[in-house]
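Enquirer: Sharing a structure with you now.
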Amino acid sequence: MVPQALLFVPLLVFPLCFGKFPIYTIPDKLGPWSPIDIHHLSCPNNLVVEDEGCTNLSGFSYMELKVGYILAIKMNGFTCTGVVTEAENYTNFVGYVTTTFKRKHLRPTPDACRAAYNWKMAGDPRYEESLHNPYPDYSWLRTVKTTKESLVIISPSVADLDPYDRSLHSRVFPSGKCSGVAVSSTYCSTNHDYTIWMPENPRLGKSCDIFTNSRGKRASKGSETCGFVDERGLYKSLKGACKLKLCGVLGLRLMDGTWVAMQTSNETKWCPPDQLVNLHDFRSDEIEHLVVEELVRKREECLDALESIMTTKSVSFRRLSHLRKLVPGFGKAYTIFNKTLMEADAHYKSVRTWNEILPSKGCLRVGGRCHPHVNGVFFNGIILGPDGNVLIPEMQSSLLQQHMELLESSVIPLVHPLADPSTVFKDGDEAEDFVEVHLPDVHNQVSGVDLGLPNWGKYVLLSAGALTALMLIIFLMTCCRRVNRSEPTQHNLRGTGREVSVTPQTWKIISSWESHKSGGETRL
């Protein structure tokens, strides 16, 4: 017989399937009642079970999921967006330069994106330089365009890897899912036409590292394997197991929702699509730890109550409540009818909320209907109160449930800008706002007045300027010649020493201005 301390199936069935310890258990199937003596009372051992007489234990190795899986397998990745920055320079006639920057998108290639990502992660200055605005060229009276291609890497961008079909899930993908990442195709399209998603590690197999090797003991009967004792000493049955692949690895999904990869000779069917593997994380391990502590404490309380019953030779409803099975599965139910101790076989199910078994006043739901009482007595210490309400002793004990609520926490992950469903993309290929924050600022640089003439206007202006300059030169040359001719004549007149003044009326010659001034005036 397998040692009872190693058989632990009921404990694992509940917490791994439901994630929380039940606030209560109640029979969903209840056999006929039969009278018993107090010496037939026993405390249920909620930690043990016996399995089909598999007594042969042998050491073996198996593979199971690591702690932390498989709620979601995170695959780190990055997005790559192609951007073209265009610098347009116009130099006008007077030499002023106007520079205008424009940004558009281009479709990136996976190889170029991988190289840009490696540059960024390695701190290579080539990545930052690739994001700088182009140095514009210029030419007088011409418009010169200079373009520069850049790849904007935004990381991290985390996607969830589905271990069942190895597809990726993220809101950055067009339909929320990408099935194209494989050896031949190492990128996914996104909900932006000029952005692709790529995994950080090009070796995709490393992203599905969710398994660990363990040692245990195989429990068998002849050539048939009934179950095994895992590395932690917990027994797990193979009854009801089905075949299921995770990340391409064939294994068995057990009835409690756990997954193992082990060699068996048993005929096993494939799991239907709705048979998935339960969560195995640190929180579930913590819950199992709390469950074990609670079950051990409850068993001690049950043994104390049983000892009190044997000592006092008397039974109370409150003491009978300690004999209830605390985990789903087969067990016993006890009650007192007409001062007679009664026992019945029962199959217990878990209760998550009290409303499940107390739908209305005076009704205790068992097996889908209100269970009848006998003089206000049900079973397992449950009675009908004077006011007509069903009284359950354990209803006031909610400490463990509070522990479960304390373990719950919410996490706000980093959201990639493309994952925002409210993002409105621009029409055409104009650069989007979400990449602008990763690029240097662009603005119009104006060094002076821009005449804004078309190409033919520039040549007309040039011709008019040349003609004006030629006419100005001719005019200046003409003026200079006239000035040079007048200067010799004036010089000759000053050289005679006397100035002659002619009066047309008298034709009389006045010798000089000095004689006229001294009084030699001749009257007509």
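Yeah, the Cβs are placed from backbone N, Cα and C, and that goes for glycine too.
Sharing the feature lines straight out of Swiss-Prot:
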type	residues	note
DISULFID	C43-C302	disulfide bond
DISULFID	C54-C226	disulfide bond
DISULFID	C80-C113	disulfide bond
DISULFID	C178-C188	disulfide bond
DISULFID	C208-C247	disulfide bond
DISULFID	C242-C271	disulfide bond
DISULFID	C363-C370	disulfide bond
CARBOHYD	N56	N-linked glycosylation site
CARBOHYD	N266	N-linked glycosylation site
CARBOHYD	N338	N-linked glycosylation site
LIPID	C480	S-palmitoyl cysteine
SIGNAL	1-19	signal peptide
TOPO_DOM	20-459	topological domain 'Virion surface'
TOPO_DOM	481-524	topological domain 'Intravirion'
TRANSMEM	460-480	transmembrane segment
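Quick one: where do these features end up spatially?
Expert: Taken residue by residue with DSSP, C43 (disulfide bond) is part of neither helix nor strand, so it is coil.
In three-state terms derived from DSSP, C80 (disulfide bond) belongs to an extended strand segment. Just so you know, the Cβ of C80 (disulfide bond) picks up 26 other Cβ atoms within 10 Å once every protein chain is counted.
For C208 (disulfide bond), applying a Cβ distance below 8 Å and a minimum sequence separation of six or more within one chain yields I73, L161, P163, R166, C247, G248.
Sequence-distant neighbours of C242 (disulfide bond) (same chain, 6+ apart, CB under 8 A from its CB) are L252, R253, T268, K269, W270, C271, P272, Q275.
For the recorded site, C363 (disulfide bond), the DSSP three-state label reads coil. All chains included, 13 other C-beta atoms sit within 10 angstroms of the C-beta of C363 (disulfide bond).
In the three-state DSSP reading, N56 (N-linked glycosylation site) counts as strand.
In sequence order, E224, T225, L238 make up the list of same-chain residues 6 or more apart from N266 (N-linked glycosylation site) whose Cβ falls under 8 Å from its Cβ. Under the DSSP three-state reduction, N266 (N-linked glycosylation site) is assigned to coil, being neither helix nor strand.
Counting Cβ atoms from all protein chains shown, N338 (N-linked glycosylation site) has 8 others lying within 10 Å of its own Cβ.
Around C480 (S-palmitoyl cysteine), no same-chain residue six or more apart in sequence has its CB under 8 Å from its CB.
When averaged over the topological domain 'Intravirion' (481-524), pLDDT in the model lands at 51.
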Enquirer: Of the recorded positions C43, C226, N338, which one has its Cα closest to the Cα of C80 (disulfide bond)?
Expert: C226
Enquirer: Sort the disulfide-bonded residues C178, C188, C226, C370 by C-alpha distance from C302 (disulfide bond) and give me just the closest.
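Expert: With Cα distances computed to C302 (disulfide bond), the winner among C178, C188, C226, C370 is C370.
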Enquirer: Judged by the number of other CB atoms within 10 angstroms, which among C178, C188, C247, C271, C370 is the least packed of the disulfide-bonded residues?
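Expert: Each of the disulfide-bonded residues C178, C188, C247, C271, C370 was scored by Cβ atoms within 10 Å; lowest is C370.
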Enquirer: What same-chain residues, at least 6 away in sequence, bring their CB to under 8 Å of the CB of C113 (disulfide bond)?
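Expert: Same-chain residues close to C113 (disulfide bond) (Cβ under 8 Å, separated by 6 or more) are C80, L151, I153, Y187, I196, M198.
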Enquirer: For C247 (disulfide bond), which DSSP three-state class applies?
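Expert: In the DSSP reduction, C247 (disulfide bond) maps to coil.
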Enquirer: Looking only at Cβ atoms, how many others are within 10 Å of the one on C226 (disulfide bond)?
Expert: 21
Enquirer: So among the disulfide-bonded residues C43, C302, who's got the most Cβ atoms within 10 Å?
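Expert: Buried the deepest by this measure is C302.
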Enquirer: Name the residues of the same chain, 6+ apart in sequence, whose Cβ is under 8 Å from the Cβ of N56 (N-linked glycosylation site)?
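Expert: Non-local contacts for N56 (N-linked glycosylation site): A219, S220, K221.
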